[in-house]
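Residues or ranges marked as domain 'Cytochrome oxidase subunit I profile' in TrEMBL: B:27-558. Look at TrEMBL and you will find B:52-72, B:136-155, B:215-243, B:372-394, B:406-430, B:442-464, B:484-505, B:598-615, B:621-638, B:670-695, B:735-756, B:776-797 (among others) tagged as transmembrane segment.
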Ligand code: HEM
């Protein structure tokens with residue numbers, strides 16, 4: 001379970017953020033709410049990224065795990081930021 | 001290396017063993033995994049046969065749908081043609097799209113998984129061979145019957161995404177739409193069965209030592225693909241169920257005049273429909289990532305990045321469904337989020353494309369047929385991807401929505417992303433199963449015709465679309481400026497078809513199935529395990545995997561495998577068996593005894609297909625009989641599983657011993673049940689979403705639900721069900737003879753609770769009164785379905801108990817029944833509370 005959480009953590013946070021944004025837009029549209037959701041998600045991504053960077057890389061498997069985790073959280077971080085932008089550009 | 005299960009990795013150093021293996025061992029393997037004869041071809045379950053059946057049938061559907069495509073092109077070649085009347089054209093484009101998507105693309109890649117995965121992972125078979133056989137027969141019989149509707153003029157005609165209100169009873173009164181709804185719903189069930197097989201297979205049947213970082217990229221692709229099916233398909237299963245109920249019983253889920261909403265269908269459909277594109281693309285991309293390194297004679301550039309890209313695609317593709325609905329007037333904020341995700345999803349696809357290009361660039365590519373198809377695929381897919389980024393921009397999409405620009409875009413993506421990789425794969429892997437490879441000389445011609453034909457057919461459609469030609473029109477007037485473009489498109493389509501025809505001739509000339517040895521073999525010099533010498537039992541012994549391309553890194557591995565110098569060089573119990581390994585590091589855990597050929601999966605599939613078809617043509621008595629017999633066939637098939645063999649522990653090679661039976665969360669059965677419960681959970685979650693969606697969009701139709709406080713006794717009842725299921729497991733482990741009693745009692749309590757809940761709701765709201773009524777009773781219907789299944793399971797458990805099959809240490813059936821019953825309790829609890837809380 002731990003390894004799966006390491007591998008998928010960044011993308012899971014992305015999913016929470018995306019579906020949260022969708023729920024806000026569908027049921028209670030408000031820019032403020034999107035900010036309230038986005039800040040903790042960005043923080044979670046950043047923490048996960050730091051955690052991933054510190055992971056062991058003593059064996060082939062752990063090296064692989066670390067690099068997928070770093071990539072996943074890095075991508076998640078950028079994607080969360082990117083998808084939080086539209087409310088600031090649409091009317 | 002740190003162990004995952006306590007297994008000592010130093011034991012792997014005992015392989016390859018040195019001693020000679022007796023010849024009789026191989027003879028025994030041959031006897032146990034022998035080839036079928038005569039009618040036994042209907043009862044085979046091993047992947048070598050089922051995979052080929054599956055591939056052949058899916059390809060047949062490609063040809064049939066391709067012919068429909070050509071018919072449309074003939075009709076559109078010039079203005080005012082009279083080849084297909086208007087109503088028939090509607091049926092033809094609907095069937096073309098539906099068959100391509102549901103009966104060709106998804107089953108084809110699933111079939112490739114069934115055929116290739118055991119070989120690539122060096123397992124004797126996938127974990128549930130009978131389930132594979134069931135999934136195949138259900139799909140083949142159901143699919144052919146579905147296609148047959150075209151010949152009696154009853155084929156569906158509402159487009160491949162079947163939007164209501166066009167497909168509601170008012171505007172589509174015939175049974176054409178029902179054919180689609182029941183046929184597709186049923187075929188999806190078979191896809192899910194295949195997905196469960198693939199997930200458990202990839203995670204638990206890998207050769208010892210094949211940790212996740214050494215897994216072939218195709219296995220990664222199939223894993224992500226299967227997980228996506230599990231998450232996405234429940235939504236379309238629910239959608240088809242709801243629309244069928246609306247048509248049959250007048251419950252207005254999608255009727256805006258009665259508190260339903262047609263947009264709910266679009267949400268449910270596209271939550272499945274867009275990931276579907278990636279569901280099709282990912283396995284094809286996995287094939288490309290296997291073929292390109294061999295063709296380029298270089299290691300795949302960026303293995304880790306590709307794995308990451310595949311997993312990321314799996315996630316992000318679930319955030320793009322509403323981009324198909326930009327023209328429906330989505331709120332700007334929603335449109336913005338979906339637009340952002342739609343652009344983001346092109347990143348992971350881009351990573352894969354760049355990695356392929358880089359692999360070609362660093363290697364010494366051979367321009368053989370698989371290589372040509374692979375390169376052609378990259379070019380076509382990238383073009384489709386670029387127009388995809390264009391339509392992800394909302395204002396652009398408004399302009400080209402429902403025009404031929406979209407038809408061009410989707411064919412570039414699907415043909416580049418799936419059809420070309422598939423042809424590359426066929427040229428590449430056919431020597432693995434056939435005595436002769438296909439002809440290289442013909443292959444180049446075929447590629448040339450298909451590549452040129454594809455571009456000549458679909459490139460002009462961008463222009464005709466931009467010039468305003470709508471899709472789904474059976475003809476057009478002269479002088480609109482579309483004539484020449486359409487004629488060119490038709491010529492291109494025939495050129496593409498000529499390539500496919502030559503391919504069929506080449507197959508007839510060269511393809512000679514060799515399931516039991518004698519195949520052409522590793523003609524391209526690939527490095528992965530599927531190229532080890534195999535027979536019906538897969539490889540003679542199961543190697544220890546030490547790298548990603550074992551055949552490149554250890555030139556003696558094929559010989560050693562063939563000489564039986566690795567795991568399981570003989571049958572340890574005299575039955576079909578394979579090694580179950582741990583999910584991360586592939587450490588051997590236990591020996592799975594596999595079921596052999598059986599008539600029952602075949603019978604169950606026929607009866608399930610009979611049930612759905614009978615429902616479609618409203619032959620309810622026949623449907624009822626088929627259902628009862630179908631259930632009996634499944635029970636008969638299950639009764640031969642979960643059996644203990646006399647040998648409790650066996651030597652699987654070099655003195656390493658593992659048990660022949662395992663229980664609890666580590667077993668493959670537990671994993672399969674967990675996945676099944678996720679499927680059910682997703683169907684349920686989408687139904688909850690439906691209720692919430694109608695509440696937020698149709699507030700004026702809302703009736704105050706019964707008080708939450710009144711639901712406390714029901715809620716306690718459901719909690720009791722969950723506790724009883726848990727208690728049964730506990731009691732069984734403690735050796736109580738009557739341990740099954742609580743779970744059977746729980747299964748009996750569930751219908752009572754449901755009955756009481758329905759009674760409460762009937763006093764408040766009728767199912768046909770409003771969208772809310774329909775959605776609430778849909779939740780109750782879903783609960784009713786699983787309550788029924790739980791009751792059947794409880795009866796089965798009781799029967800096994802009476803036959804003395806539930807004994808200490810052999811509790812898998814019991815565990816699974818408990819899991820399911822606990823789920824019934826949990827779902828009942830949430831449904832009871834949610835339906836009362838929303839809009840209270
Ligand atoms: C022989 C090659 C093919 C030809 C000539 C062809 C032709 C066409 C044409 C003309 C249409 C537009 C019908 C209309 O809007 O009036 C169409 C639609 C469609 N095609 Fe193809 N096609 C081919 C291959 C494929 C493949 C390989 C796939 C998928 C794997 C596919 C999936 C679809 C889908 C989903 C639609 C939309 C159907 C609808 O509007 O409901 N096609 N095709």
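Including glycine, each Cβ sits where the backbone N, Cα and C put it.
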*Segment-segment contact (the transmembrane segment (B:372-394); the transmembrane segment (B:442-464)) at 3 or more Cβ pairs under 8 Å*: yes
*Given the cut-off of 8 Å on Cβ pairs that are 6 or more apart in sequence, determine whether the transmembrane segment (B:670-695) and the transmembrane segment (B:215-243) share at least 3 such pairs.*
yes
*When you scan the chain for residues with a C-beta under 8 Å from the transmembrane segment (B:136-155), skipping those not six or more beyond its ends, what do you find?*
50, 53-54, 57, 61, 64, 88, 91-92, 94-95, 99, 103, 107, 114, 174-176, 179, 183-184, 186-187, 189-191, 193, 601-602, 605-606, 608-609, 612-613
*Intrachain neighbours beyond the transmembrane segment (B:598-615), with Cβ under 8 angstroms and 6 or more residues off its ends*: 42-43, 45, 130-131, 133-138, 141-142, 145, 178, 182-183, 185-186, 189, 622-623, 626-627, 629-630, 633-634, 636-637, 640
*Hey, does the transmembrane segment (B:52-72) touch the transmembrane segment (B:484-505), meaning at least 3 C-beta pairs closer than 8 angstroms, sequence gap 6 or more?*
yes
*What is the pLDDT of the domain 'Cytochrome oxidase subunit I profile' (B:27-558) when averaged and given as a whole number?*
93
